[in-house]
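**Student:** Residues or ranges marked as compositional bias 'Low complexity' by TrEMBL: 1-21. The region 'Disordered' annotation in TrEMBL covers 1-24. The transmembrane segment annotation in TrEMBL covers 145-166, 190-209, 216-233, 239-259, 271-291, 318-340, 347-367, 379-397.
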């Protein structure tokens, strides 16, 4: 509302008949004192000063707003809001704003939904190893577990970061909110981050977990590299891309974390039935993620001639394929609990996976009713990730 400076004059009436003047003794006093001092140029525009004065007296603001809306159709509101914004910006700290923007860009660069999956997976596997050998729990190993989690997050950051660096053009169409595609993070800064993540992760693993885990960690980084980087760029080949994602997020993460935890407890590696189950289950789940992750990206993939199952078979068919594989996964989990009650807790395994399966069916129905719009597809993909998190949450309890 263009609350002009005269609207808040302590002595001048409103420019419209019938309106009452707004009284403000404090500013009246200041006005009288002005006759004894030489006037100084204002530090802010007149409109900004008027807005700041208005903010100091909410009652006068509300009445002036009413008058402005009644006589000017609200057109003046925009100017006042703009003036307030300018005044607020003038008092802000540019350095703190830049730091905040950089922090936000780095966080988006890390792809938070993948970090949650990595963190939950590692915590669940460590918890399971401790549940199996509670007498060996040593709280001094907490720091070692924390280092391992940091190393996994660094590896995750390297893999998703290197993919963004080589997918800028595609991301400008499919994921314009990502920091490089949006212009919030330079390519040079992105390279610095991915190299830092790779070096930090390798150093942490090498110093704390020995040569075998270091080899597994290096294998994960290598697979993440050839997935995105030319001339390999294996993401162009759907079957190979699915196998890489399933291997890294399914087998390497679960086997590696469980092996490292048992080694830290002074135990040799031995498969347990629950760990064999979660490794198999999550590997299949990672395959589903690899299939469905291309659903929201069909437009950009077609534009840049990236061949995926979604571009070849269509969004609807891939959504049904992914849902079918997950439902088979859940049915297998229920059957395992029924036929192996001495190992698994039926009271948790059966109802939990039945609920997950019903939720998936409902979400697939919602996607069908929405006619596979981009928003509905994105929501469906996010729901699959939520199911992935949920599996790790219940794993230590099964």
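One is the number of the first residue shown, and numbering goes on along the chain from there.
In case you wondered, yes, glycine gets a Cβ from its N, Cα and C as well.
Locate each feature and note its surroundings.
**Tutor:** Through the fold, the transmembrane segment (145-166) approaches residues 109-111, 114-115, 118-119, 122-123, 126, 178-181, 187, 190-191, 193-194, 197-198, 200-201, 204-205, 208-209, 217, 220-221, 224-225, 227-230, 233, 235, 248, 253, 257, 260-261, 264 of its own chain, all at least 6 residues removed from its boundaries and within a Cβ separation under 8 Å.
Through the fold, the transmembrane segment (190-209) approaches residues 106, 109, 144, 147-148, 150-152, 154-155, 157-158, 161-162, 164-165, 179-180, 217-218, 221, 260, 263-264 of its own chain, all at least 6 residues removed from its boundaries and within a Cβ separation under 8 Å.
Distant neighbours of the transmembrane segment (271-291): 121, 124-125, 128, 132, 241-242, 244-251, 253-255, 258, 309, 318, 321-322, 325-326, 329, 332-333, 336, 340, 343-344, 384-385, 387-388, 391-392, 395, 398; these residues of the same chain sit at least 6 beyond its ends, with a Cβ under 8 Å from one of its Cβ atoms.
Here the transmembrane segment (379-397) has long-range neighbours at 113, 116-117, 120-121, 123-124, 127-128, 131, 274, 278, 281-282, 285, 288-289, 292-293, 295-296, 319, 322, 326, 345, 348, 352, 356, 359-360, 363-364, 366-367, meaning same-chain residues at least 6 beyond its ends whose C-beta is under 8 angstroms from one of its own.
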**Student:** Please report, as numbers and ranges, the same-chain residues at least 6 past the borders of the transmembrane segment (239-259) whose CB is under 8 Å from any CB of it.
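**Tutor:** Here the qualifying positions are 117-118, 121-122, 125-126, 128-129, 148, 152, 159, 212-213, 216-217, 219-220, 223-224, 226-227, 269, 275, 278-279, 282-287, 289-291, 293, 308.
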